[in-house]
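Trainee: Here's a structure for you.
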Amino acid sequence: MDSVRPLWLMLLSLLLVGTALGDASQAPPGNNAEICLLPPDDGPCRARIPSYYYDRYTQSCREFMYGGCEGNANNFETLEACNEACWKIEKVPKICRLKVNKKQCGELREQYFFNLSSMTCKKFISGGCHSNENRFPDEATCMDFCAPKRAPVFCYSPKDEGLCSANVTRYYFNPRHKACEAFNYTGCGGNDNNFVNLKDCKRTCVKALKKEKNKKMPRLLLANRRLKIKKKQF
């Protein structure tokens, strides 16, 4: 009887670990920003279970070792599950992904930071020390630099092959891949995410998502970088 007990305890612990990991990875698909932007948490247990979390700083899913219990919902069994839950978080410049630093130890000033969860700029009181570059002098500067450029609404419509029986090559914008792809159009019905040629699709939907290549950085950021360069020289 005593020899059976350790086996049951082992099976029970494995069941609990599997349940915890399963629950953590069952996030619904879509823009789950509150879940995906949580920091990675391997939990207090000591198992080493290969899992995946969404990294706000690289804006991609990365592997980590889950301890097997507790932790948080930013925890997925597979890379595919992580991508499925978090792919809709739009890409923004690196400094806009940083968490705001509200420590106050110097001259107080009102500034704005980009909130990756809400994709908006919010006001905060900057203390002037240990701050990062996610801070802007006003809301307009913040939004102009950080807010993702949006394509027309119909670019986000799903692929629709239509209602008839023809077989015509058309192109649609795939928001998940952020690229234009070919599909077979049946000749009638469908939606506006339907282009006769690849060039029109790219011009309408892809270019609208890209930020200007030579976009100037806000003066505040340039000033901070010049100051850092001067300090290194002395």
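Placement of Cβ uses the backbone N, Cα and C atoms for every residue, glycine included.
According to Swiss-Prot, the protein has these features:
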type	residues	note
DISULFID	Cys36-Cys86	disulfide bond
DISULFID	Cys45-Cys69	disulfide bond
DISULFID	Cys61-Cys82	disulfide bond
DISULFID	Cys96-Cys146	disulfide bond
DISULFID	Cys105-Cys129	disulfide bond
DISULFID	Cys121-Cys142	disulfide bond
DISULFID	Cys155-Cys205	disulfide bond
DISULFID	Cys164-Cys188	disulfide bond
DISULFID	Cys180-Cys201	disulfide bond
DOMAIN	36-86	domain 'BPTI/Kunitz inhibitor 1'
DOMAIN	96-146	domain 'BPTI/Kunitz inhibitor 2'
DOMAIN	155-205	domain 'BPTI/Kunitz inhibitor 3'
CARBOHYD	Asn115	N-linked glycosylation site
CARBOHYD	Asn167	N-linked glycosylation site
CARBOHYD	Asn184	N-linked glycosylation site
SIGNAL	1-22	signal peptide
Trainee: Mind telling me which of the disulfide-bonded residues Cys86, Cys146, Cys205 has the densest Cβ neighbourhood, counting other Cβ atoms within 10 Å?
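Mentor: When each Cβ's neighbours within 10 Å are tallied, Cys86 tops the list.
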Trainee: What's the CA to CA span in angstrom from Cys61 (disulfide bond) over to Cys86 (disulfide bond)?
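Mentor: Here the two Cα atoms lie 8 Å apart.
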Trainee: Can you figure out which of Cys36, Cys146, Cys164, Cys188 (the disulfide-bonded residues) comes closest in space to Cys69 (disulfide bond), comparing Cα atoms?
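Mentor: Result for Cys69 (disulfide bond): the nearest of the disulfide-bonded residues is Cys36.
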Trainee: Just give the helix, strand and coil counts over the domain 'BPTI/Kunitz inhibitor 3' (155-205), going by DSSP.
Mentor: 10 helix, 15 strand, 26 coil
Trainee: Calculate the distance in Å between the alpha carbons (Cα) of Cys188 (disulfide bond) and Asn167 (N-linked glycosylation site), and round it to a whole number.
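Mentor: For Cys188 (disulfide bond) versus Asn167 (N-linked glycosylation site), the Cα atoms are 11 Å apart.
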Trainee: Would you list, in sequence order, the disulfide-bonded residues among Cys86, Cys142, Cys146, Cys155 whose CA lies within 10 Å of the CA of Cys201 (disulfide bond)?
Mentor: Cys155
Trainee: When you rank Cys45, Cys146, Asn184, Cys205 by Cα distance to Cys105 (disulfide bond), which of the recorded positions ends up on top as the closest?
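Mentor: Checking each of Cys45, Cys146, Asn184, Cys205 against Cys105 (disulfide bond), the shortest Cα distance is to Cys146.
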Trainee: I'd like to confirm something. Which of the disulfide-bonded residues, Cys36, Cys155, Cys164, has a Cα closest to the Cα of Asn115 (N-linked glycosylation site)?
Mentor: Cys36
